[in-house]
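Colleague: One structure, pasted below without further comment.
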């Protein structure tokens, strides 16, 4: 029986291994992590991450050919293929701080693999890593190998949170990069055979190592660039009276462009986009390509600009102050159908409002109060370290309350901000919300999911990103 071990039981490792176990009953899959609470959660009825469809798969396979364990060394020693899916946070100090990826966890995983291995292994990069990481890992393994042979493969994940299981069942492509040597080709073939249990062969792309590593960064940079492009247009639409939804629809019907990732919003979030672009910027700078680095940096700048613009619009609309005013935040996750808050625009929006002394009440159907408080009290990039290395008990932000009910969050509020496009927010009783709010009652729709005309009929003053402005908002220009 082929044995696979995955180091790292997070958003990538957990779902990917669960699907491999489901689709390959002849393969034994172990997911290992040093975090005891995380592994306990994977072995319980309350999984540590929310992803539609994941629950059923884990229940179906757990204990049969899918195992979650803290005995990292045992499972690595026994495995034929070791996936490494550990955190690669952005460095906060030292060389490349604020841009370069911190490979501390990767390096310690590689050293441990070399240390405990007693048979040849294929080591697969699953985390998003900078180009040439494989080379560094290879050196560590070779210099500590004690005669054991290792083959390094790059197999980047292209999952979108909220649809990860669907993406794993029907991927656009599976990308496997390896050394262009007889041993490298053999290793690529071995991993290809795993995926071929459910993925059509023509959708499994094989490349050299560096192409696979760079393809992941490039894909995320291109997607983020589309979001920043439409968000830049949204600012122009507001100034000219155009409607960004109509513009993006017209642009998206061009078959060369296509409609995906053209929804204007308060900004992109998630664990990859910003981190990967900063990483790309750093790689370009290191390779003497400052113009290319500057080009990609603009994608992040527009994203930050969009979040600042949103906060400024809120404050300027409400008589230039939100001090001691209750502002309801609907949605804290970076997108719907996930509980993930990493790099969510809600953090910067809330911090901006708190900076102006607002009282904030937050409701998100999937995010806990503990997580929200942690996010609002953490420094930038801290979120990307394992939980036990994050600041311990976060200092509670006094001006923030978290509720489990949208109506409770909005009661007595001066304004409502929609920051995640959860479907349930479309069908709330906005008349009831309006009746229980302070007047004038404002709604700031950061996801363009609400019926603006209906809300105006009820009596709200509405700001929707990239849409023609309310007369009220025209009279209260936002200073950026």
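The first residue you see is number 1, and the count goes up from there.
Cβ atoms are placed via backbone N, Cα and C, with glycine included.
Automated prediction, rather than curation, is the source of TrEMBL annotations.
Grabbed the feature section from TrEMBL, which reads as follows:
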type	residues	note
ACT_SITE	272	active site, nucleophile
BINDING	8-13, 33, 38, 86-90, 127-128, 161, 272-275, 342	NAD(+) binding site
DOMAIN	328-452	domain 'UDP-glucose/GDP-mannose dehydrogenase C-terminal'
Colleague: On the DSSP side of things, how many residues of the domain 'UDP-glucose/GDP-mannose dehydrogenase C-terminal' (328-452) fall into helix, strand and coil, could you say?
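Modeller: Per DSSP, the residues of the domain 'UDP-glucose/GDP-mannose dehydrogenase C-terminal' (328-452) fall into 43 helix, 20 strand, 62 coil.
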Colleague: Enter the number of other CB atoms within 10 angstroms of the CB of residue 87 (NAD(+) binding site).
Modeller: 19
Colleague: Pick the one among the binding-site residues 90, 274 whose Cβ has the fewest other Cβ atoms within 10 Å in this structure.
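Modeller: Comparing Cβ neighbour counts within 10 Å for the binding-site residues 90, 274 gives 90.
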Colleague: Give me the CA-CA distance between residue 8 (NAD(+) binding site) and residue 272 (active site, nucleophile), in Å, as a whole number.
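Modeller: Each residue's Cα considered, residue 8 (NAD(+) binding site) and residue 272 (active site, nucleophile) end up 16 Å apart.
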Colleague: Enumerate same-chain residues with a sequence separation of six or more from residue 33 (NAD(+) binding site) and a Cβ-Cβ distance below 8 A; give 'none' if the list is empty.
Modeller: 7, 8, 9, 10, 13, 39, 68, 70, 72
Colleague: I'm trying to understand the geometry here, so how far is the Cα atom of residue 90 (NAD(+) binding site) from the Cα atom of residue 272 (active site, nucleophile), in Å to the nearest whole number?
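Modeller: Cα of residue 90 (NAD(+) binding site) to Cα of residue 272 (active site, nucleophile) measures 11 Å after rounding.
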Colleague: List, in sequence order, the same-chain residues at least six positions removed whose CB sits under 8 Å from that of residue 11 (NAD(+) binding site)?
Modeller: 49, 51, 159, 161, 164, 271, 340
Colleague: With Cβ-Cβ distance below 8 Å and at least 6 positions apart along the chain, what are the contacts of residue 272 (active site, nucleophile)? List them in sequence order.
Modeller: 128, 220
Colleague: Starting from each candidate's C-beta and looking 10 angstroms out, tell me which of the binding-site residues 8, 161 has the most other C-beta atoms.
Modeller: 8
